[in-house]
Amino acid sequence: MFKIPHISPARLPELLRRMPKAELHIHIEGSLEPELIFALAQRNGVSLPYPDVESLRRAYAFTNLQSFLDIYYAGASVLIQEQDFYDMAWAYLQRAAADHVVHAELFFDPQTHTARGIAMETVVRGLHRACTDARAQLGVDATLILCFLRHLSEEDAFATLEQALPLRDLFIGVGLDSSELGHPPEKFARVFARCRELGLHLVAHAGEEGPPAYIWSALDELKVQRIDHGVQALKDPALVQRLAQDRIPLTVCPFSNVKLCVFPDLASSNLAQLLDAGLAVTINSDDPAYFGGYLNDNFVQTFAATGLNAHHAYTLARNSFEASFVTEAQRHDWEHQLKAVFESFSEHDF
Ligand code: HPA
Ligand code: ZN
């Protein structure tokens, strides 16, 4: 075990920003800033129901997940050309690099685009090209996870998978997102079984607004490797035990939970309890352009509000690498970098 050096609380924000980390729960369409929405709308001749950036931003006052999704899908309507998808992902990856994100697994929602007549290939090739450039130019390792929209049918998910299969080498897994309540994971059991046969990694949103039963279903019916959100798990001690025993990672998104009224404020986040229960928790930004900040903002403000310390910081960063879909060698390399950064923050330096 790595002995965490003593680090003064005053230096904690700097350490949180500087430590290498992975981001595993980011919807790339949720990184579309209002300025880029307006720029793309103009480039593509799309008209928006808001006169300017400020009035669009003012509309970002959400009461629950659905109230966000309505505006999030409307924002994505400006994405038409392959270059638009590239520009969106590139903007996120530059911010990720600035936040010392060394690895990112980007969710994308192809059905939001194919339903508007955009080809699957346009979406995936644009996003993938940005990932390739990020590795070469920013030193950020980035991969793609295709999400099925759970408010649509399983048949639609199967058709989407079919369209994506010629591009199979350009994404590493599948996820499940959109409106949770009323759309339990088992609705997608057959398409997830097929994805498993194809060797794709499997994740699903569960227990964001939905009950612990949805987390059980994601584990037992979909056989997912990670749970996205999962914050409702604490309502079910047997589930917490299962998640701990199998070291199923939870990709928790503190800003998202506050903006979508899952918790009243950051201080009410149950992150510390999830960590205390021994769960493999990670911190993520979810939809940073809509929820008020990117990954380092989530770290710094959540730590300030909840009183988490340098030990928690190390655990969270380490968990992010443990939960990543990468090789053992890659994971060890990043863990080594993480230790080096913590050692460089040791009090002995002063
Ligand atoms: N939950 C479900 N679907 C989503 C989210 C989320 O937080 N963000 C983008 N799509
Ligand atoms: Zn999400």
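Glycine is treated like the rest: Cβ placed from N, Cα and C.
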Of His100, His103, His205, which one shares the Zn(2+) site with His25, His27, Asp286 in TrEMBL?
His205
Out of Glu208, His229, Asp287, the recorded positions in the record, which is closest to His27 (Zn(2+) binding site) when you go by Cα distance?
Asp287
Least Cβ-crowded entry, counting other Cβ within 10 Å, from the recorded positions listed as Glu208, Asp286, Asp287:
Glu208
At a 10 Å cut-off from the C-beta of His25 (Zn(2+) binding site), count the other C-beta atoms across all protein chains.
31
How far is it from His205 (Zn(2+) binding site) to His229 (site 'Important for catalytic activity'), counting Cα to Cα, in Å?
6
